[in-house]
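Working notes, beginning with the structure itself.
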Amino acid sequence: MNKVQDAVVDMYEQLPVPYGLVRFGVAPDHPEVKNCQDTFEEAAKSPLFNYIGNVRVGYDVELAKMKPHYDAILFSYGASEDKKLGIPGEETKGVYSAREFVGWYNGLPQFQHLAPDLASGDKAVVIGQGNVALDVARILLTPVDKLRHTDITEQALQTLSQSRVKDVKVVGRRGPLQVSFTVKEVRELMHIEDVAFRPVDLLADINPKKLPRVQRRITELLKKGTESLPQGAQRSWGLEFLQSPKSMNATESNQLSSVTFTKQAYAPDADSLSPTASVVSTNETSTLPASFAFRSVGYKSVAIPGFSDLGIPFDTKLGIIPNDPYGRIITSSAGPGNLTAGHLPGLYCAGWVKRGPTGVIASTMADAFTSADVIAEDWNANVPFLNSERSDNRSTGLGWEGVRADVEAKGVRALSWEDWKRIDLAERQRGEKKGKLRDKFGSVEEMLQVLDT
Ligand SMILES: Cc1cc2nc3c(=O)[nH]c(=O)nc-3n(C[C@H](O)[C@H](O)[C@H](O)COP(=O)(O)OP(=O)(O)OC[C@H]3O[C@@H](n4cnc5c(N)ncnc54)[C@H](O)[C@@H]3O)c2cc1C
């Protein structure tokens, strides 16, 4: 926002700690991915930036109360829910969403009580074939000693060290050339010590040389497989294709015992080599024994309470705030000024809530820069912003100070960037003692306690 002279940015975060999915989503054995935090640290050093941690917008502070004090509000609150399969048995014990499981091993306070009993069985099924699914498979299969020095939680290390899981199947609705995971993630799984990959029959007749680059590389990797053979290895994994989940089946004690799938076939007009090939259900079913199933079919954003007070629509089907391609929030019932028809003055979005729950950090940062650029562009073009109905055309300019008393009266303790840095230091120091990068606090209470010592 340095393109607007003297613009002050208040960043509200519902947790005491920043970084969203970079901290709570990105796998602990991918520390290099988290280097983007350095870029965020740089931005936070600006005297024009304020971090307001531990304050949940729409709950601890109402949007209608924020509005008079800001010229613009940008929503980039990610995707806090996940898509369900909508099949019988989804609530069975042993069935988890990837979001819960990933949040659990990464220390997200909300999921620290998950307690997956990975010692109660040896077969796991992961439903979905994206990178998050492969993250889940890799964490289940990686020897626990390889994770000890990462920032995975101590609780997760303990549970994983007792895990009996030795067979992971990653199941997709479409075929091997329609997967959405990437080469790097497959390669990592192929290189885990003493973990074998079961070859994919469907690839036998496919000549990788005839495929586009990305598909070719994935196909070559899958055809090559691992050096360890399934019969000799401690653990193994495999990919199952053209299977759509039909039901989760339970034992009498409501523990998952198997997952039934409806077999899929390529649609009559589909080209099975095309990444967009569609499939249709057949009458055949198949059942995989499993003690654990991880649903990894996508995250989902939801609306924040109070959107209607500001006239903000929400597309529940796509799970996004409707916006023009640049991040201006649009609605069919507005159309002010000389902007794209329907832009709600002063309201913008970025990240997963802008374009849906896909894309990596680099693409998320790129579209955040675009959203910031259009705010600057609009500001410099003198178009209406929030509070343009007021006689002076402007907000009070108070920002956080305009709502602070109200938030604090609710007993909410707002945190500054300096507060976060103290929590950060405490986590690093705890980690150092255990030979880890950091040892995360698993609850908001523990994080806040650091500030009282
Ligand atoms: C499991 C997983 C692994 C991933 N691994 C990689 C990887 O290895 N490499 C890579 O490049 N990308 C990876 N990604 C993608 C990357 O994490 C996302 O592209 C990126 O984090 C999305 O950014 P965002 O700001 O939209 O959402 P988020 O990162 O989720 O940030 C949203 C923030 O808003 C906060 N928030 C939510 N609601 C409120 C509210 N009401 N008030 C205040 N604050 C609120 C949340 O607490 C959160 O901090 C991964 C994603 C997942 C799910």
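Using the three backbone atoms N, Cα and C, a Cβ is placed for every residue, glycine included.
Here TrEMBL flags GLU13, LEU21, VAL57, TRP352, GLY359, VAL360, ILE361 as FAD binding site. As annotated by TrEMBL, NADP(+) binding site applies to GLN129, GLY130, ASN131, VAL132, ARG173, ARG174, GLU185, GLY359.
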From GLN129, GLY130, TRP352, GLY359, which binding-site residues have a C-beta atom under 6 Å away from some atom of ligand 1? TRP352, GLY359
Most isolated by CB count within 10 A, of the binding-site residues GLY130, GLY359, is GLY359
Alpha-carbon spacing, ASN131 (NADP(+) binding site) to GLY359 (FAD binding site), which is rounded to whole Å: 11
Just checking, which of LEU21, VAL57, VAL360, ILE361 (binding-site residues) has the fewest C-beta atoms within 10 Å of its C-beta? VAL360
Quick check: in three-state DSSP terms, what is VAL57 (FAD binding site)? strand
Can you give me the Cα-Cα distance between GLY130 (NADP(+) binding site) and GLU13 (FAD binding site) in Å, rounded to a whole number? 28
Could you state, as a whole number of Å, the largest distance between Cα atoms of any two of GLN129, GLY130, ASN131, VAL132, ARG173, ARG174, GLU185, GLY359, the listed NADP(+) binders? 21
Measuring Cα to Cα, tell me the gap between GLN129 (NADP(+) binding site) and ILE361 (FAD binding site) in whole angstrom. 19
Sorry to bug you, but what's the C-alpha spacing from ARG173 (NADP(+) binding site) to GLU13 (FAD binding site), rounded to the closest Å? 36
Whole-number answer please: how many Å between the C-alpha atoms of LEU21 (FAD binding site) and ARG173 (NADP(+) binding site)? 26
Among the FAD-binding set GLU13, LEU21, VAL57, TRP352, GLY359, VAL360, ILE361, as the record gives it, the longest Cα-Cα distance in Å: 25
Most crowded position, judged by CB atoms within 10 A, among GLN129, ASN131 as binding-site residues: GLN129
Within its own chain, what residues at least 6 apart in sequence put their Cβ under 8 Å from the Cβ of GLU185 (NADP(+) binding site), listed in sequence order? ASN131, LEU134, ASP135, ARG138
Using GLY359 (FAD binding site) as the reference point, find which of the binding-site residues VAL132, ARG173, ARG174 has the shortest Cα-to-Cα distance to it. VAL132
Quick one: pull the CA-CA distance for VAL360 (FAD binding site) versus VAL132 (NADP(+) binding site), whole Å only. 11
Could you round the CA separation between ARG173 (NADP(+) binding site) and VAL57 (FAD binding site) to a whole angstrom and send it over? 37
